[in-house]
Amino acid sequence: MTLKKSFVVLKTTYVRWLLSSRLLIFAFAYMFFYVYFIEPLISLSDYFATPLNSVEPFVSLMNSAYFLPLSALTYLILISDYPKLDDSGTFILFRTGRYAWILGQIWFLICSAMTFISFLLISSMLTVMSRSFLINAWSLVSKYTLKPENAVLRPDFPFAIIDSSVINQSRPFEAVMHSVTLILMFMLSVGLIQIIFALIRKKIFGIFVNLSFIATGLVLWAVDIKIKWLFPIANSAFGWHYDGMYDKTIISIAYSYGYFFILCAALIICAFVIGKHCSFCIIGENG
């Protein structure tokens, strides 16, 4: 019964989210994606006169040190109003029960994150469809850009070129699978923190906590010290687990899967414990 009610919460919350004006952010995200990743790869494809792999723009995006924090921030903006504990939101909570409501919000986080990730993947594939192929092999574009004689091209395309750490360690479909799974768990952890602080009526403080985690993790990644692996952002990019220059593993991808599993499980347990003991009434969402 709790599971069935949680899907009712999911449906109500997800539809409300889809109809919100915040989804205009998808358009801005695509514009950024196109200008800094898709268009440069198309230019490289024209330069080398050879097609791209359809998933290469997405793989490039999901392993970019510049986009990862932006992806988390974009998703945080998309869900910053959720879970809603306004009049209608609290009414749904009372009708379904605490556990079903919290579980429904977790389903919503997964669905909203998958919607955003799927949008980026599908939109990029459609954009390059006329000049790409879809098989499990890297294009000559990606291989040529890594050759020493083409190093002069890299400063002109600083974001779009897929790093050797990705190409040497995987095939395209494997890179997509790992990239999607890791960024999904990263976004889920961001959303779970929002749920916890929404339950204690401190949603704005939850945004601050998320921003602090993202910023701190990014700084630690930039200075390249081992403690960076204790923060979600360092674990969220597939290519960061490998050293492209020396073709070696920096840290096992299994570590990051285990890290996110433990982190998300702990946050989910925390959300249910807080949800069990906190009081709900129809007041402002931030207390």
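Glycine is treated like the rest: Cβ placed from N, Cα and C.
Listed in TrEMBL for this protein:
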- 21-38: transmembrane segment (TRANSMEM)
- 58-78: transmembrane segment (TRANSMEM)
- 99-122: transmembrane segment (TRANSMEM)
- 175-197: transmembrane segment (TRANSMEM)
- 204-223: transmembrane segment (TRANSMEM)
- 250-274: transmembrane segment (TRANSMEM)
(message) Using Cβ atoms and a strict cutoff of less than 8 Å, what residues sit near the transmembrane segment (21-38) while being 6 or more residues removed from its termini?
(response) 57, 60-61, 64, 66-67, 70, 74, 77-78, 81, 116, 119-120, 123-124, 127-128, 159-160
(request) Sort out the residues at least 6 away from either end of the transmembrane segment (58-78), same chain, that have Cβ-Cβ distances under 8 Å to it, and list them. (result) 17, 22-23, 25, 29, 32-33, 36-37, 41, 112-113, 116, 120-121, 124-125, 159-163, 165-166, 172, 175-176, 179-180, 183, 186-187, 190-191, 194, 207, 210-211, 214-215, 218, 221-222, 233, 236-240
(request) For the transmembrane segment (99-122), find every same-chain residue at least 6 residues outside the stretch whose CB is under 8 Å from a CB in it, and list them. (result) 1-3, 5-10, 12-14, 17, 26, 29-30, 33, 55, 58, 61, 74-75, 78-79, 82-83, 92-93, 176, 180, 183-184, 187-188, 191-192, 195, 199, 268, 271-272, 275-276
